[in-house]
Amino acid sequence: MKLNIALLAGDGIGPEVIDQAVKVSNAVAAKFGHEIAWTSGLTGAAAIDAVGEPYPDSTHEICMAADAVLFGAIGHPRFDNDPTAKVRPEQGLLKMRKALGLYANVRPTFTFPSLIDNSPLKRERIEGTDLIILRELTGGIYFGARGRSEDGNTAYDTCTYTKDEVTRLAKLGFELAMTRGKKLCCVDKANVLETSRLWRQTVQAMEKDYPEVTVSYEFVDAVAMRLVQWPNSYDVLITENLFGDILTDEASVISGSMGLMPSASKGVHTSLYEPIHGSYPQAAGKDIANPLATVLSAAMMFEDAFGLTEEAEAIRVVVNKSLADGIVTEDLAGKNKAYKTSEVGDWLAENL
Ligand code: IPM
Ligand code: MN
């Protein structure tokens, strides 16, 4: 099979972790007789420096022409402390999500047998956790009307959802639940927010089409608590953009390191695969960042975008082997030897 993949390394540790995912993907392709054509595009601060904007048209064209997009990370501290900056790397990410129609962000949380005790949460709480947060990604407060009063002392951001936006996300949620534990939790704040009441009403009306799925409706504040209390009681959770942003960071703690969790964003035009961690600028260029979230994102890409399940499984198997054998970066090494980012990538590619 010929795979056309757009490669957006982005900022910070992005290029380093992407390099490892490319090594591993090429090794899988060689093993299973596929050919990958990678096309690189600029995003984030790197793109602002080169061409003045964080998601240039040239990058958009590369993404539209590809079968899938593999993405590193975006963000640079020099913008974070400057609230007056006119262009920000994150705008590139939001523009890209909107332009590619990436409306559904799939963020799994699971545990690795060999890393259970790396989590700050107790073993008995997290053992068996295997949940997916399905986050709406192109609507809500991230994309609503916003502004400031003339004197600059009042600011507003608005949250808007349409029934269609909720329906397409919820549909994916129901379908995903059908392939797994058949449990769906709709996370909202319907006791306060009108958009949440629309979510609840829309999902309730869909229940009859999926009689096998058990649906629960829970308020986001309660879910924030239960996620760390009883994460293994959840299967698929669906939620709006901002709630999903917050809950997925929280959920990543369960697995023991932010450097481990992959994600997929499914869209109208294409799909994109990226680690859930950010650009980790403190580690940029040091060859110390954990590449596994990006490598596992590549596995999700093989499976979801190309239907190559065995290839994806081969990646997951070698990742688990590296964890069991202690071929890990400093975030997981504890008192043992910490391997470099590139060494982990080499080891994975060689041991596939
Ligand atoms: C994420 C990130 C982004 C978001 C930022 C960088 C705009 O936190 O992908 O979760 O808030 O969506
Ligand atoms: Mn986030």
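Cβ from N, Cα, C; glycine included.
Please treat TrEMBL annotations as automatic predictions, because they have not gone through curation.
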From Arg135, Arg146, Arg197, the one annotated by TrEMBL with Arg97, Arg107, Asp221 for substrate: Arg135
Of Asp221, Asp249 (the binding-site residues), the residue whose Cβ has the fewest other Cβ atoms within 10 Å: Asp221
In sequence order, those binding-site residues of Arg97, Arg135, Asp245 whose CB lies under 6 Å from ligand 2: Asp245
Residues among the recorded positions Arg97, Arg107, Arg135, Tyr142, Lys189, Asp245 that border ligand 1 - Cβ under 6 angstroms, in sequence order: Asp245
Rounded inter-Cα distance in Å - Lys189 (site 'Important for catalysis'), Asp221 (substrate binding site): 8
Rounded inter-Cα distance in Å - Arg107 (substrate binding site), Asp249 (Mg(2+) binding site): 10
When distances run from the Cα of Arg97 (substrate binding site) to each of the recorded positions Tyr142, Asp245, Asp249, the nearest one: Tyr142
Residue among recorded positions Arg135, Tyr142, Asp221 with Cα closest to the Cα of Asp245 (Mg(2+) binding site): Arg135
